[in-house]
Amino acid sequence: LALNPWDVVLCISGTIISCENAIVVVVIFYTPAFRAPMFLLIGSLATADLLAGLGLILHFAFVYFIPSEAVSLLTVGLLVTSFTASVSSLLTITIDRYLSLYNALTYYSERTVTRTYIMLILTWGASICYGLLPVMGWNCLKEPSACSIVKPLTKSHLLILSVSFFAVFAAMLQLYVQICRIVCRHAQQIAVQRHFLASSHYVTTRKGIATLAVILGTFASCWLPFAVYGLLGDCSSPALYTYATLLPATYNSMLNPVIYAFRNQEIQKVLWAVCCGCFPSALPFRSRSPSDV
C-alpha cells in the first residue's frame, strides 16, 4: 500500500499517547499511596488511553506490514474498546467529583470504594462488549455497502457508538452544571463565614468555573466532530473527512493525562521524586477530594 500521511500522523499521535499514559499507569500502579477511589478512576482512564495509543500503532503496523482481515478486526476491536473505555472513564470521574461534593461527609467510606469498583466493572464490561462486536461478526467485510466512515465498522455499529457518546456528553454536562452550583454555593458560604471580600469570592468562583469549562470544552471539541460525522457520513464519504475528525478525537487521549493526572499535586510529587532519584513511597500524602483533581 502507498503510505498515507494521515496514517503516519495517527501513528505518531498513538506513540505520544502511549508514552504519556504509560507514565501515569506506572506511577499509580507502583505507588501504594495511590489506592484511593479517585486514583483508581484516573488509572482506569490512563489505561484506556494507553491501549488506544497502542491500538493506533498496531493498526498502522498491521495495515502496512501484515495486512490481514482477521488482524484488522482485532485492532479495530481494540480501538473501539479503548476509546469507549476512555470516554466512559471520563464520565465515572465526573460522577465521582460530583458525589465528593454532594455527599462530602460520607464520601470517605467503604460505600465509595464499592461504588468505584462497580463503575469500573460496568465501564470496562460495556467497552469490551462494544469492541467484541466486529470480531464476533458485526462488520461489513462481506457487505461493503453497509460500512460506516470507519471500516470495517457497520453504519449501525457506529451509530450506536455516536449516540452513546452524546448520552455521555449530556450526562457530563448536567453533572458539571450541578458541580458549578455546589462550588458557587460553598464559596459564598465560606466568604460569608470568614468575612471575605466579595471580590475574593468572585475570583474563587470564576477560577473553579473556568477549570470545569476547560475540562468539558476540551472533551467536546475533541470528540463532537467525529461523533457528528459518524451520524451523517457513510461508506461513500471522502476518507479525508474521516481522518480530519478522527485525529482530534485522538488528541483527547493525549490531553487527558495533562488534565487529570499531571495537574494532581500528589502525582507531581512522585514524578519529581523519580526525576530526582528519590523513593516515591516515602513521600507524605494528604487526603484530597476528587474535586481538587
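Glycine is no exception: its Cβ is also placed from the backbone N, Cα and C atoms.
Please treat TrEMBL annotations as automatic predictions, because they have not gone through curation.
Worth saying up front: this structure is predicted, and the values here are computed from it rather than measured.
Look at TrEMBL and you will find 6-31, 38-66, 72-95, 116-138, 158-177, 209-228, 240-262 tagged as transmembrane segment. Annotation source TrEMBL lists domain 'G-protein coupled receptors family 1 profile' at 20-260.
Below 8 A, the CB atoms of the transmembrane segment (158-177) and the transmembrane segment (72-95) form 3+ pairs separated by six or more positions in the chain.
Here the transmembrane segment (6-31) has Cβ contacts under 8 Å with residues 39, 42-43, 46-47, 49-50, 52-57, 59-60, 63-64, 239-240, 243, 246-247, 250-251, 253-254, 256-258, 261-262, 267, 270-271, 274, 280-281 of the same chain, all six or more residues outside its ends. Sequence-distant contacts of the transmembrane segment (209-228) (same chain, at least 6 residues past either end, Cβ-Cβ under 8 Å): 87, 90, 162, 165-166, 169, 172-173, 176, 179-180, 183-184, 244-246, 248-249, 251-252, 255, 259. Sequence-distant contacts of the transmembrane segment (240-262) (same chain, at least 6 residues past either end, Cβ-Cβ under 8 Å): 6, 9-10, 13-14, 16-17, 20-21, 23-24, 27, 42, 45-46, 48-49, 52-53, 56, 83, 86, 90, 93, 149-150, 214-215, 218-219, 221-223, 225-226, 228-229, 233, 268, 271, 293. Counting same-chain residues at least six beyond the ends of the transmembrane segment (38-66), those with a Cβ under 8 angstroms from any Cβ of the stretch are 1, 3, 7-8, 10-11, 13-22, 24-25, 28-29, 72, 75-76, 78-79, 81-83, 85-86, 88-90, 92-93, 96, 100, 116, 119-120, 123-124, 127, 250, 253-254, 256-257, 260-261, 264, 288, 290, 293. When averaged over the domain 'G-protein coupled receptors family 1 profile' (20-260), pLDDT in the model lands at 87.
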